[in-house]
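Engineer: Before I ask anything, let me first share the structure, which is written out below as structure tokens.
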């Protein structure tokens with residue numbers, strides 16, 4: 001389905017960026033009130049800190065939803081909070097113009113005033129992330145992109161930040177790379193648990209190749225931020241070379257995927273395809289829940305940037321386990 | 001040893017804060033030049049990106065060293081870069097007024113333009129961190145403290161940020177807590193390696209208590225930033241509840257320990273004392289290389305803030321392994 005008359009992508013992009021700024025300002029106000037004790041004392045009747053934060057989540061989602069409904073009344077809306085209230089976990093994104101938003105990604109960080117929290121606003125057209133806005137108000141970093149217009153930090157610095165030239169991916173990747181990942185919410189330990197399979201995948205990527213029986217990737221650094229949207233934003237920026245994660249929902253990644261792709265990054269499935277890696281690497285659908293993202297890359301003498309990205313995808317697939325995150 | 005005539009702590013503090021700002025501005029300039037390709041092309045003759053960054057490290061350390069020598073010519077100076085050039089790994093901090101600085105903590109982050117890099121400036125009197133300044137210029141967060149004057153973010157917001165009241169530590173800590181840690185540089189996998197013992201300690205703190213045979217801590221979130229100085233700063237802020245790390249050097253932690261303690265946080269050894277946890281928890285010496293830090297905490301109905309911190313120290317000691325980081 002197409003846009004209505006009078007709706008241009010330019011206009012929607014401008015609206016989305018302003019919406020991100022406004023929602024982020026509200027997040028910052030809520031954080032400031034929390035720091036000063038106002039919110040906490042006002043919420044004393046609530047069960048615990050999580051309830052309080054859910055109120056912030058809901059407030060910001062309502063604010064965003066109303067703004068969108070007023071400006072683009074025919075567009076579909078999917079938000080983390082409204083979605084979670086439904087019992088179904090089915091994938092609801094179709095061809096129609098759809099907003100897919102997370103009012104507060106990194107809720108635990110917000111709760112602790114660790115700056116890696118953000119609002120994430122994705123606009124999807126014909127099933128594809130077309131506009132993305134991620135704003136982390138505590139550190140004033142606004143990431144934005146619209147298909148065909150590039151990806152930007154604070155509307156002025158084009159992503160990736162290093163671009164004259166864009167660095168190639170290390171020949172021994174994940175060696176030389178910053179690998180970004182998350183411990184996640186599932187913490188049941190045991191040989192077949194997602195948690196243990198994740199941890200052993202991290203070890204596989206981080207450990208020294210020369211010192212173990214099992215071949216390790218010896219990534220240069222491992223980072224865990226607690227926000228999938230920030231992970232994707234920093235991969236688009238070039239700060240992270242590789243992001244691998246399981247368990248995301250579409251509102252966690254819709255904006256970030258658009259920003260990453262517009263910056264020149266690659267996103268595909270985080271599930272290794274089996275022993276035969278001699279396959280075509282395809283774009284991943286928004287509902288997949290398992291992601292592997294590679295930063296924008298320049299060419300080297302031996303390969304194009306895309307060839308480098310595909311080489312790193314295959315290197316990671318070799319090192320990680322298959323995780324199990326069904327939709328239901 | 002005491003300060004010279006005319007040297008007041010106030011004056012030294014003011015000097016240290018300005019020095020942090022100036023050094024941070026130089027870091028940001030270097031980062032901007034790197035992004036624009038200027039530094040990278042100017043350094044093409046060098047072996048690799050690490051060499052380049054070492055130049056930035058050295059430049060900033062020289063800048064700081066000269067400023068200190070000019071203003072406080074009798075003070076001792078210990079910097080990561082100058083120290084590393086010597087062959088000895090002995091602990092050199094005595095009673096005399098001593099500056100202990102890391103010109104660039106989070107070198108890998110800097111190299112990738114991930115904002116969690118900083119300059120860390122500690123001033124030590126009679127062996128004790130007395131002034132601390134940590135400045136992360138890319139996100140414009142300046143952390144500072146001087147003994148008796150509190151700890152501050154950007155010279156205006158007192159730490160911890162949540163203070164009316166300062167939150168108590170969760171009763172089931174590390175449940176409900178953000179746990180901060182680092183994968184570190186040692187990556188040799190194997191049952192007795194520091195790397196494996198670190199990883200299994202992370203699992204022990206993060207895994208679900210109810211679902212495993214081994215008791216887990218079920219921390220609310222796990223964060224890895226790649227900078228010990230930023231880890232300590234965010235523990236002082238209250239963003240992280242617990243930081244546990246092995247392998248640090250004194251320039252990584254001198255400033256951060258002062259800031260954390262002035263904010264009301266606790267720092268002790270990261271090495272569990274054995275089975276008898278019924279011991280007095282003592283402050284850790286700067287040369288220890290193993291640290292456990294707990295955020296500032298308010299009282300609950302059952303305990304004082306300090307009692308809460310000591311309870312969490314013991315909970316963590318029960319969950320972590322002993323690591324081996326000798327000085328030589």
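Heads up, the Cβ atoms here are built off N, Cα and C, so glycines get one too.
Bear in mind that TrEMBL entries carry predicted annotations, made automatically and left uncurated.
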Engineer: From A:241, A:252, A:276, grab the residue that TrEMBL records in the same Mg(2+) site as A:80, A:102, A:104, A:105.
Structural biologist: A:252
Engineer: If you draw a 10 Å sphere on the Cβ of residue A:80 (Mg(2+) binding site), how many other Cβ atoms land inside?
Structural biologist: 22
Engineer: Which one is it: of the binding-site residues A:102, A:105, A:252, which Cβ has the fewest other Cβ atoms within 10 Å in this structure?
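Structural biologist: Least crowded of the binding-site residues A:102, A:105, A:252, by Cβ count within 10 Å, is A:252.
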Engineer: So, three-state DSSP: helix, strand or coil for residue A:80 (Mg(2+) binding site)?
Structural biologist: helix
Engineer: Note down the number of other Cβ atoms within 10 Å of the Cβ of residue A:104 (Mg(2+) binding site), including every protein chain shown.
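Structural biologist: Within a 10 Å radius of the Cβ of residue A:104 (Mg(2+) binding site) lie 28 other Cβ atoms.
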Engineer: Taking the centroid of the Cβ atoms of A:80, A:102, A:104, A:105, A:252 as the Mg(2+) site, which other residues of that chain lie with their Cβ within 8 Å of it, listed in sequence order?
Structural biologist: A:101, A:103, A:106, A:107, A:119, A:120, A:228, A:229, A:251
